[in-house]
Amino acid sequence: MATSGSVPTTPLLKDELDIVIPTIRNLDFLEMWRPFFQPYHLIIVQDGDPTRTIHVPEGFDYELYNRNDINRILGPKASCISFKDSACRCFGYMVSKKKYIYTIDDDCFVAKDPSGKQINALEQHIKNLLCPSTPFFFNTLYDPYREGADFVRGYPFSLREGAKTAISHGLWMNIPDYDAPTQMVKPLERNTRYVDAVMTIPKGTLFPMCGMNLAFDRELIGPAMYFGLMGDGQPIGRYDDMWAGWCMKVICDHLGLGVKTGLPYIWHSKASNPFVNLKKEYKGIFWQEEIIPFFQASTLSKEHDTVQKCYNELAKQVKENLGKLDPYFVKLADAMVTWIEAWDELNPTASASTATAATNGPAKK
Amino acid sequence: MSVPITPALKDELDIVIPTIRNLDFLEMWRPFFQQYHLIIVQDGDPTKTINVPEGFDYELYNRNDINRILGPKASCISFKDSACRCFGYMVSKKKYIYTIDDDCFVAKDPTGKDINALEQHIKNLLCPSTPNFFNTLYDPYREGADFVRGYPFSMREGIKTAVSHGLWLNIPDYDAPTQMVKPRERNSRYVDAVMTIPKGTLFPMCGMNLAFDRELIGPAMYFGLMGDGQPIGRYDDMWAGWCVKVICDHLGLGVKTGLPYIWHSKASNPFVNLRKEYKGIFWQEEIIPFFQAVVLPKDCTTVQKCYLYLSEQVKEKLGPIDPYFTKLADAMVTWIDAWDQINSTGTGAKLPNGAANGKA
């Protein structure tokens with residue numbers, strides 16, 4: 001594995017990875033990322049007013065979709081894609097043709113490591129995805145495949161090949177990803193601790209997946225990365241990535257795929273308004289107390305041997321078990337099914353022709 | 001942070017050190033350890049005199065003492081293996097134990113400051129664990145951190161911490177094959193995190209730099225039958241760790257790993273290690289699934305009950321692999337008998353100290 005050094009002449013996975021960015025404001029943040037992102041193809045998902053023009057900095061190769069494009073491409077199925085919420089980003093996952101996705105928020109910038117060097121977050125995510133995970137047994141020296149580390153004494157040898165990595169979950173310096181109550185209680189807290197580790201989240205353990213700095217193997221887990229119904233017309237917000245993360249983890253555990261968390265860090269610059277956040281999260285604060293036990297208890301069987309089958313089964317269970325909590329979950333379960341239908345339509349299996357590939361939005365370079 | 005005038009838990013924690021060589025390493029630890037009571041477990045030749053540096057308050061037990069105190073039950077305590085340290089856990093009267101190897105020294109953090117490992121372990125033990133849901137910012141109770149968005153509020157009280165598992169800079173704790181393949185590898189990565197090992201997940205527990213709440217989990221900290229007359233070695237702490245984790249998961253107790261680091265100075269001989277570990281390399285392939293699958297019944301509500309149930313399961317399920325496991329299962333029962341005897345309530349059962357009980 002290459003040591004972290006200068007940006008390689010041919011960036012890893014240059015033609016195999018898309019960077020998906022939801023935005024409602026602007027893409028100025030891309031300037032700082034240019035040295036690391038420019039070789040890659042971008043998929044911009046423009047939220048909010050479709051008549052507004054989002055300017056993409058010169059020199060980037062991209063496709064851009066606004067709400068009109070989403071409606072045109074998906075037709076009635078567009079109902080599963082959120083509006084006025086960054087959850088709409090998952091449309092970008094669906095239309096991508098690449099094996100890997102990296103998604104980042106437009107208020108996330110390049111961080112520095114403790115030596116003062118700029119962190120190439122994308123490069124680290126790629127390293128994480130390309131090397132195995134170890135979900136079945138905890139390694140006390142964290143990622144055993146990292147340079148200078150290994151499996152420790154007592155780690156079963158038969159488990160040292162690891163499992164394929166589906167997700168690489170990065171973290172954030174500066175403004176931490178706190179919920180509204182915590183933001184209100186600790187408005188001054190900043191994350192200044194650089195934890196130099198990548199680790200696998202063990203099988204059977206759920207976690208709060210943040211979509212701000214996230215990469216995944218679209219071929220392994222893409223259909224499970226639906227970010228739910230949030231924003232306009234919905235009773236909840238700021239649970240999009242959480243929802244995707246819980247579904248994804250249950251499915252990864254079932255299919256024997258790995259989920260990593262830790263490095264890389266990005267610099268999160270913008271603290272969202274805690275009052276606005278509280279309104280969005282309010283119902284979620286209560287609902288998550290039921291949602292978590294639901295996911296912890298959810299089981300999938302041998303017949304659920306693809307991500308889509310797992311996901312459809314989960315949708316059924318959501319309707320059955322969470323539907324009584326609130327009608328929202330019935331709507332969400334239906335949207336989950338719609339998402340899979342849309343995914344399969346836009347991503348037919350290899351034997352089908354490419355004629356059904358989505359037409360790109362008008363603003364394509 | 002300077003050493004406080006009254007160190008935390010000064011009268012509530014014993015430091016247990018197994019040794020067969022000498023205790024020179026204690027000099028470096030003096031600023032951090034001197035205020036605490038030491039329990040030295042002298043392995044090997046009991047006629048050898050182990051010199052304890054001046055100024056430490058300690059009790060010392062050699063093999064003769066162990067035999068005298070436990071009688072026939074002494075059979076459960078290993079000989080010629082640092083596994084004998086668990087005798088120290090048994091005879092301690094304190095709430096907390098810190099155990100450390102005699103080739104472990106004070107490490108420095110990235111700023112160059114000496115790490116007070118004991119202080120960090122105490123912090124870890126005194127604050128809750130979070131085994132039921134993973135926090136992506138690691139220990140939420142640490143200064144400058146908290147639970148992240150999406151972490152259920154009902155789980156933010158956390159649960160009691162039973163074990164604090166520290167790590168090692170310099171010589172990493174590798175098995176023999178890895179040592180042979182990578183003889184020059186040194187752990188130079190300081191990972192500034194403490195985290196809870198999630199419920200349902202096993203891990204390799206290393207006894208080099210380990211602290212635990214003896215009242216919460218002590219009886220499960222049996223380090224097995226190793227060394228002289230045994231077919232296996234270097235699986236003592238591993239065995240204890242797997243038993244401990246299964247029981248902690250069952251009883252709702254937390255296990256933390258990460259900080260503090262110590263500096264591990266001595267690389268053991270990989271050829272010797274391979275001989276010791278050889279059978280274990282194959283056996284652990286069966287042992288791990290055993291521990292992953294074991295389910296403790298609801299009526300196992302104490303550590304002892306859990307442990308005795310485990311010993312039955314070991315005999316039943318692992319006995320067929322090798323007669324060693326039958327012996328080990330019996331030793332597990334003997335250990336609990338001895339533990340309960342030595343730690344029976346009522347002051348009459350106070351243990352006579354080893355011959356070399358000293359205080360400066």
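Every residue gets a Cβ built from N, Cα and C, even glycine.
As the structure is a computational prediction, the values presented were derived from the model and not from experiment.
B:R149 (N-linked glycosylation site) falls outside any helix or strand according to DSSP and counts as coil. Sequence annotations record features per position, and here TrEMBL assigns N-linked glycosylation site to B:R149.
The site 'Required for activity' annotation in TrEMBL covers B:R149 (among others).
TrEMBL lists B:R156 (among others) with the feature site 'Required for activity'. In the three-state DSSP assignment, the secondary structure recorded for B:R156 (site 'Required for activity') is coil.
Counting other Cβ atoms within 10 Å of each Cβ, the lowest count among the recorded positions B:R149, B:R156 belongs to B:R156. Here the C-alpha separation of B:R149 (N-linked glycosylation site) and B:R156 (site 'Required for activity') works out to 12 Å.
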